[in-house]
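Engineer: Before anything else, here's the structure in question.
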Amino acid sequence: MSSGGLLLLLGLLTLWAELTPVSGQDRPKYCDLPADSGPCRARKRHFYYNSRSNQCEEFTYGGCRGNENNFETKDKCHYTCVAPPRRRPL
């Protein structure tokens with residue numbers, strides 16, 4: 001196989017690995033908790049992972065307590081719950 005073919009194959013394998021859905025075993029358990037705005041009354045725009053839609057969605061956070069399924073940015077939610085780094089076998 002030519003070096004160009006090997007590079008194409010490597011690129012396709014990398015893309016496939018990134019697009020393969022994450023198994024629930026790699027996702028922290030708190031990602032499956034429901035959105036919880038907490039008892040306080042601040043109105044902060046936060047994000048939580050919705051396990052039904054497999055997406056990070058916006059909710060209004062009260063500013064205190066709640067649970068760990070609570071992220072200041074959609075990117076952090078996505079990195080943690082949608083596409084966490086995969087564990088590599090040793």
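Cβ atoms are placed via backbone N, Cα and C, with glycine included.
Take a look at what Swiss-Prot says about it:
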DISULFID  CYS31-CYS81  disulfide bond
DISULFID  CYS40-CYS64  disulfide bond
DISULFID  CYS56-CYS77  disulfide bond
DOMAIN    31-81  domain 'BPTI/Kunitz inhibitor'
MOD_RES   GLN25  pyrrolidone carboxylic acid
SIGNAL    1-24  signal peptide
Engineer: Between CYS64 (disulfide bond) and CYS56 (disulfide bond), how far is it from one CA atom to the other, in Å?
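Structural biologist: That separation, Cα to Cα, works out to 20 Å.
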Engineer: Quiz question: given the disulfide-bonded residues CYS40, CYS56, which has the greatest number of C-beta atoms lying within 10 angstroms of its own C-beta?
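Structural biologist: In terms of Cβ crowding, the pick is CYS56.
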Engineer: List the disulfide-bonded residues among CYS31, CYS56, CYS77, CYS81 whose C-alpha is within 10 Å of the C-alpha of CYS40 (disulfide bond), in sequence order, or say none.
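Structural biologist: Near CYS40 (disulfide bond) by Cα: none of them.
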Engineer: Averaged over the domain 'BPTI/Kunitz inhibitor' (31-81), what pLDDT does the predicted model reach?
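Structural biologist: A mean pLDDT of 98 is what the model gives the domain 'BPTI/Kunitz inhibitor' (31-81).
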Engineer: In terms of DSSP three-state secondary structure, what is the assignment for CYS56 (disulfide bond)?
Structural biologist: strand
Engineer: If we count other C-beta atoms within 10 Å, could you say which of the disulfide-bonded residues CYS31, CYS64, CYS77, CYS81 has the fewest?
Structural biologist: CYS64
Engineer: Between CYS81 (disulfide bond) and CYS56 (disulfide bond), how far is it from one CA atom to the other, in Å?
Structural biologist: 8
